[in-house]
Each structure stands twice: as C-alpha cells, then as structure tokens.
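Annotations per TrEMBL:
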DOMAIN    2-162  domain 'Inner membrane protein YejM N-terminal'
TRANSMEM  47-67  transmembrane segment
TRANSMEM  79-100  transmembrane segment
DOMAIN    188-308  domain 'Sulfatase N-terminal'
DOMAIN    318-403  domain 'Sulfatase N-terminal'
Amino acid sequence: MIFSTICTTLLLFDTAVFNRFSLHLSSVVWNLLVNPENGEMSRDWQIFFAPMPIILLAQMLFSRWSWEKLRSLERQKWLKAVGVSLTSMFITTHLIYAWADAYLYRPITMQRSNFPLSYPMTARSFLEKHGFIDGEQYAQTLRQEGRLDALKIDYPKKTLTFAPIDNKPNILMITVSGLRYDAISQGKMPKLAEFATSSTEFTNHYSTGNSNNAGLIGLFYGLNANYTDSILSNHTQSVLIEKLRAENYQLGLFSATNFKDSVFRQALFREMKISSNKTSKPNNESAVKNLNDFIKAQKIDSPWFAYLDLALEAKNQADYDRTLQDVDLLLAKVLENTPLENTLVIITAEHGLTFNEMNEKERENYFGRDEIQVPLLVYWKDLPVGKQNGLSNHADIFSALMQTVFRVENPLMDYSQGRNLFDLKGDDWVLASNFHWNVVIQPDGTQYHIDRKGNYKKLDKDYIEQSSDRPPLGIFLEAFQLQNFFFEK
C-alpha cells in the first residue's frame, strides 16, 4: 500500500513536471526542482508531497471496500462486457493512430507529445511493403512539413503594434550556409575582411541550431530551433516578413539552391512569389547576378528588402579555402552594387561546417564551434564601427530589426526569444538546439547540453566533455521556459 502511494505520488509529480518543462524526472530535473538557489520553486514542489497521507488513506479505504465487495463483484455479469469494451477501445485507439501516422493526420499524431509515455502502434513498414504508401514520398513529406508529433505554436503571443517609422532603410540580408566563424580574414576572404573594417563585426556570434532550417528560424522568427517542426507543420508566417510587406517594401528573394530548405516554401515565403534563377541549374553566381539586377532596378524613394541565400560546400579544408575565395569575390560584387548610404547590410550564415568524420546521428547532434559559431557583419550608420565581443545569436538579429528598425511597441517576450543585438550589451548565455538537444552556450564557449530525457553533459569551448557534478540550474530553468513558451497550451 505504501509502495503504491509513493508510485502514485511520483506519477502525479512527474506529470506536473512534464507539464511545466516537457521533461520527465531525472537527476538533473530533480536537482533543479529542489535547488536551494531558487527557494520559492523548491517550496512549491515540496508542498506537492503534502497530499501523500490523503492518497494513502484513499487507497486504504478503496482496498478495504474492494475486498469486501470482491465476492459480489465476481457474480456481476456486466464485468465481462466492461472488459470486452475496454479491450476493444484499446485496440481501436492503436488502429486509429496507425492510420493517422500512415496518412499524416496531424490532429491525432500530435497528441503523442501530450502523452510522452504512450507508445501507440504504427504500421509504416507493413503498409509500405504491401504498396499502400510510398516510403520515399512519406519521408520527403516529413522533411518538408515537420514531425508528426509537432505541437501547435502560439506565435506571436499578442497582436503586435508599431510606432510610426520616420526613415525606412533598405535591408540586405545575406546568409552563406557553411561559413565558419574563422572565415573572415585577409588570408581567406580579403574583400569581406576589408568590408568588415567599416562594419560592426560580432566576433562571438552563434546560430540558433546546427542546420539551415534551425538557423533560419532564429533569423526570421527570433525563436530557437526547438520550434522548427511546429512552424513547418502549421505554416507559421514570420512577423518580420509580414511587417516588410505592410510597409510596402519591395522584396527580392534569391537563392543558390532554389530555396531547397523546407522552411522557405512551407512557412517563411509560402504566400509569396519566390524569385527563381534564370539558369537551369541555380548556383551562387546566378543568385548574385539576379540580386544585382534587382538592386539596379529599384527606385531611390522606394525601400527594398533583399535576401540572398548562398551555399558553401566542401569536402575538406583545401576545397573549403578555395570556395571561400570564390564566395568572397561574389560578395564583393554585391557590396559594390549596393547603395550603402541608406542600406542596412547583414552578412552571416545559417550554420558553419565541420570536417570531422561522423555518422549521420553524430552529425545531427553535433554542436561544435565549427558548426554553430558563425560570423556576423552588420553595416549600418547607427552602429559603431569595430569588433563587438559580446555573446549573441541569430534571434538577437531578429529582435534588433523588429525593435530598432520597425519600432515594435510590444515587449520582446510577445514575439521573440532574443535580445536587441544593437544594444551591444551581449547575452549572458544563448541557446542552440535541434529536436533532441538544447545547448546552453556561455560567453567563454562552455556548453551545457540537455536532451528531452533530462540527460546532461558539459563541454568546453573545444568541444571536449568535462566532468560536472552541478549544472547551472538557474540557466536550465530559463532554457526550459524558453523552449516551451510559444507552444499552444
């Protein structure tokens, strides 16, 4: 009886913890809840155990009643019908979920996130084997539209209001997928290094994740990559793009990969006509040419926003260095053609590039500096020229555009998880993530990883795992709140 009471209490406790943090009980989560550094939270959770005597009493009374009624219940004919009904419902729920999983019916499949201990039946392999579904097409749909158990997103939290804009600057945003934090130098990219001397260079800047989609979520939504699948499945619009259209900006969108990353066509530019390259095979050169044609065609009195998506691919360091030189020359052509006197220029990368040998799973969960620390150059008349060493990430860029350029009056928590990059104060820590891991990064490069099961590890700036008996529980608490804040309750 006592054992049953303890199990029931822990189950209720675990349910409450999961409701708040989307994590089950583990040593890290337990330390967080009873952390003496946060006395108020510790008291709240300790009070949770107060009803244990009441639960014990209720179970004792029910046990006594059940024992007394046991013989009479055995004679009841309706028990068999109840048993058959419950068994039928159990089987039916699994069959319904298997159907929803096979035919991508998200209103059912997304419920799995609400019941993390549930393991409903799926039948993809069986259906694919017998020709009912196309496995390759199924996998492609998941990549494009996000995971089946992705939750609905509540973004922005409130309707945004804006102050009048006196001056609308042109905005040129360039991302070079694979551009590493150490790429901008006289030896590797002399043209871009020269441009950096007249810009604000953020030397301790991180992407919001380790993939193109993850970085784009931070740049255009101000959110960490934990929300990627929800944005894809719900086709959530970016409030930045909506504001640009509301202010009658001329939009030019150019990509070396024909916008192959799913966030472009599924959410970010879903309601817009995406510019296509004029060549049969899109590449960096054609994207730059089309961008330059767009800039030349713009009127002086009409503001414009241009986004250039370049790709930097290399199998080894030598190939990488050669490709950097080519990209450097292309970027120089763009900057020469850009009217800088009234243009805000942002140059960064969705994520970096690593040459370490890893299998697919290791690469998917790799957050080394070469993968997530990226360069960031901002050219704008209202920013000081020089290097800024404060910690920042992609969500800070989004927040800066919304607050400083478009003068949103709502607090940041209504629409972003970043801080205003242009305040130049730097962050105490930033968050990078994917579906499995949340990574807290501190100014010195130290990383704290925690996965969806509560597993934890600490790594130094060189990505070497360190022993750590006590994680930064206060930071973890903030990170947990961030990762769930914009999910629909």
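Including glycine, each Cβ sits where the backbone N, Cα and C put it.
These figures come from a predicted structure and were not determined experimentally.
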According to DSSP, how is the domain 'Sulfatase N-terminal' (188-308) divided among helix, strand and coil residues?
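Grouping H, G, I as helix and E, B as strand yields 56 helix, 18 strand, 47 coil.
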Determine which residues of the chain contact the transmembrane segment (79-100) at the Cβ level, with the cut-off under 8 Å and only residues 6 or more beyond its ends counted.
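Contacts with the transmembrane segment (79-100): 73, 106-109, 112, 120-123.
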Taking every residue in the domain 'Sulfatase N-terminal' (188-308), what is their average pLDDT?
91
Looking only at the domain 'Sulfatase N-terminal' (318-403), what are its DSSP counts of helix, strand and coil residues?
41 helix, 19 strand, 26 coil
